[in-house]
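Listed in TrEMBL for this protein:
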REPEAT    11-105  repeat 'Solcar'
REPEAT    113-205  repeat 'Solcar'
REPEAT    214-299  repeat 'Solcar'
Amino acid sequence: MVGVKPTDLAPTAAVKFFGAGTAACVADLITFPLDTAKVRLQIQGEHKSSDGKKVVRYRGVFGTINTMVKTEGPRSLYNGLVAGLQRQMSFASVRIGLYDSMKQFYTRGTDNGGIGSRLMAGCTTGAMAVAFAQPTDVVKVRFQAQVRGGEAETVKRYNGTMDAYRTIARTEGLRGLWKGCGPNITRNAIVNCSELVTYDIIKELILKYNIMSDNLPCHFTAAFNAGFITTIVASPVDVVKTRFMNSTAGQYSSAINCAITMMRNEGPKAFYKGFIPSFLRLGSWNIVMFVTYEQIKRHVMRAQQSWDSPL
């Protein structure tokens, strides 16, 4: 990322890799209930009641959270948290931590490049991250979608995170753990490009025109705008990804079939289901993650600098 002061050591790839995974876990711990609410709203409308009517259980992000707490207890908001943290440590470390290195690869060693090289770097690290972390994403979504308690109670799928990995591999094959990999690669290419490139460019412009210094308000502003733009661009493919990954065997023949079925049964508005929680989650997640990430990088490198030059 841009904006390293001359007096600071530039963070190494290892520091960025570690910092991105740690910062993403912190962001997930804070924003996970919003992510769970988003998943519940995205899958709403898939199933119908016995009289053929669509089941509307959740209304709005805070209504969804309130309903879940009342019917399933507060712990339901953190269903899939273990898999979520596993996902971030493997996923964010690659897609965010290696972004600068990949950007330098495409720009042949320079820190700043054109929009094309940044987009290529975002697509590459996003695809690489999915290859590593897809099983954790599948398990996370399955847990978040699992309803317990009330009239809409579903059969409990898994007894724990490790049991979920084993059960999916046994009943659906190894391909089941990579279910939705195609739409997830598409989604994360879009998310990574929107999120990282937008953050990178906005931060660079803020520093270039001396609107702010390289501090928390600057990171907050860039992260907030990155979250908003990313939500607008990525919501349709995110909804399809969530529906397809949570689907039972044979429900959809492919991610494209899932999208067509959604359009036919629910109309185009279905692709923006859960938009508000998506924005609340992505916006707050980006703010927490990028601010934490910048601070981790800066403090780790300053600590290393003081160790190397104690006097």
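Placement of Cβ uses the backbone N, Cα and C atoms for every residue, glycine included.
Note: TrEMBL annotation is automatic and uncurated.
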The repeat 'Solcar' (113-205) - residue tally per DSSP class, helix then strand then coil: 72 helix, 0 strand, 21 coil
Mean per-residue pLDDT computed across the repeat 'Solcar' (113-205): 86
Within the repeat 'Solcar' (214-299), residues counted as helix, strand or coil by DSSP: 73 helix, 0 strand, 13 coil
For the repeat 'Solcar' (11-105), the number of residues DSSP places in helix, strand and coil: 70 helix, 2 strand, 23 coil
